[in-house]
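K.L.:
Shown below is the structure under consideration.
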Amino acid sequence: MQDARFTPRVFSGIKPSGGLTLGNYLGAIKRFVQMQGGGFETIYCVVDLHAITVWQDPKELRSATREVAAGFLASGIDPEKSILFNQSQVSQHAELAWIFNCVARLGWMNRMTQFKEKAGKNAEAQSLGLYAYPSLMAADILLYHATHVPVGEDQKQHVELTRDIAAKFNHDYKVDFFPMAEPVIEGPAMRVMNLRDGTKKMSKSGESDMERINMTDDADTIARKFQKARTDAAPLPESVEGLDGRPEARNLVEIYAALADITPAEVLARYPGAGWGTFKPALADLAVERLSPISGEMARMMADPAEIDRILARGAERARAIAQPVLSRTLDIVGMVRG
Ligand code: ATP
Ligand code: MG
């Protein structure tokens with residue numbers, strides 16, 4: 001349900017922690033484009049401050065930041081219609097995050113499944129930033145008083161934490177200042193799974209390149225990766241209930257559905273009882289058809305990084321114009337003396 005006191009505004013971000021994947025495209029970017037011009041003000045961010053919660057080589061970080069921006073633009077984000085920028089150029093994100101570090105409770109952070117998954121068995125060796133990440137994410141969203149946050153299923157818990165932070169801030173300071181942001185998670189493929197292990201999500205920072213489809217993969221690579229994707233031996237079922245207990249089969253059917261803009265049931269009706277020898281090449285063809293215009297445009301843009309940098313700088317300027325008044329008001333509420 002929408003928070004009616006606030007103008008509808010969308011915020012979302014993607015980390016430049018590697019190249020974009022099909023998971024990022026279907027779970028996030030596709031919806032970013034749909035929401036643009038749909039009665040929302042749309043703000044999209046390359047969240048470089050989040051990326052450095054795990055080690056990033058500086059040169060690669062710079063290149064990945066431009067590549068993620070190019071992915072947004074090539075997919076249809078229009079820098080005139082949306083505000084597109086990289087997080088570190090708007091220092092208000094980090095400032096508000098500090099305030100939120102003092103609002104969020106340790107107990108809340110300890111429940112975050114992403115930290116547990118990313119930290120693995122070696123939590124002691126992780127950065128403090130990785131642990132505090134959800135508080136920075138809350139700042140990203142609330143700095144713009146965003147009401148809607150399109151994300152993949154894996155980020156739902158962080159958007160819920162954002163609501164908890166907003167509610168506690170409003171309650172503690174007896175104000176009605178921050179909105180309750182809604183996660184927008186609709187349709188199939190909101191959690192695209194790893195192609196080699198259907199119990200893990202596809203991630204740009206995953207270990208093996210074979211487990212993900214990169215948005216910049218060429219047609220042969222996409223075909224090979226789907227060909228080698230792990231599945232069970234049974235053919236496609238007649239109905240979606242038949243996908244229960246078959247995570248890899250469900251994943252490939254959902255990817256097809258999301259790429260074709262149809263439902264999983266319609267996919268099964270299109271390929272009744274098909275074997276993988278039929279379905280995987282059809283899926284690869286569809287993915288190539290959808291991704292190759294985008295990757296072609298990304299390559300063209302990456303040849304002119306100065307133009308990408310100009311777009312990000314201009315977006316940052318527009319973002320700051322919204323962010324600074326919200327931060328100033330927050331500091332006033334908290335009781336900071338300002339000249
Ligand atoms: P990392 O491995 O560094 O965390 P990532 O691939 O998970 O990278 P993020 O930058 O963390 O990408 O997330 C960007 C957006 O993409 C978020 O909205 C997230 O929910 C979405 N997303 C990430 N992976 C998937 C996936 N496998 N399926 C659907 N959506 C995804
Ligand atoms: Mg992630």
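Note: Cβ is positioned from N, Cα and C throughout, glycine not excepted.
TrEMBL: automatically predicted annotations, no manual curation.
Okay, these came from TrEMBL:
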BINDING   Lys15, Pro16, Ser17, Gly23, Asn24, Gly152, Glu153, Asp154, Val192, Lys201, Met202, Ser203, Lys204, Ser205  ATP binding site
MOTIF     16-24  motif ''HIGH' region'
BINDING   Asp140  L-tryptophan binding site
MOTIF     201-205  motif ''KMSKS' region'
K.L.:
Drop a 10 Å sphere on every Cβ of the binding-site residues Ser17, Asn24 and tell me which sphere holds the fewest other Cβ atoms.
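P.N.:
With the binding-site residues Ser17, Asn24, fewest surrounding Cβ atoms within 10 Å: Ser17.
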K.L.:
Filter the binding-site residues Ser17, Asn24, Asp140 down to those with CB closer than 6 A to an atom of ligand 2; keep them in sequence order.
P.N.:
none
K.L.:
Count, for each of the binding-site residues Lys15, Lys204, the other C-beta atoms lying within 10 angstroms of its own C-beta, and report the residue with the smallest count.
P.N.:
Lys204
K.L.:
Just name the winner among Asp140, Glu153 (the binding-site residues) by count of other CB atoms within 10 A of its CB.
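P.N.:
Ranked by Cβ atoms within 10 Å, first place goes to Asp140.
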K.L.:
With H, G and I counted as helix, E and B as strand and the rest as coil, say where DSSP puts the residue listed as 'L-tryptophan binding site'.
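P.N.:
Where the residue listed as 'L-tryptophan binding site' sits, the three-state DSSP reduction gives helix.
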K.L.:
Please list, for the motif ''HIGH' region' (16-24), how many residues fall into helix, strand and coil according to DSSP.
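P.N.:
Secondary-structure composition of the motif ''HIGH' region' (16-24): 3 helix, 1 strand, 5 coil.
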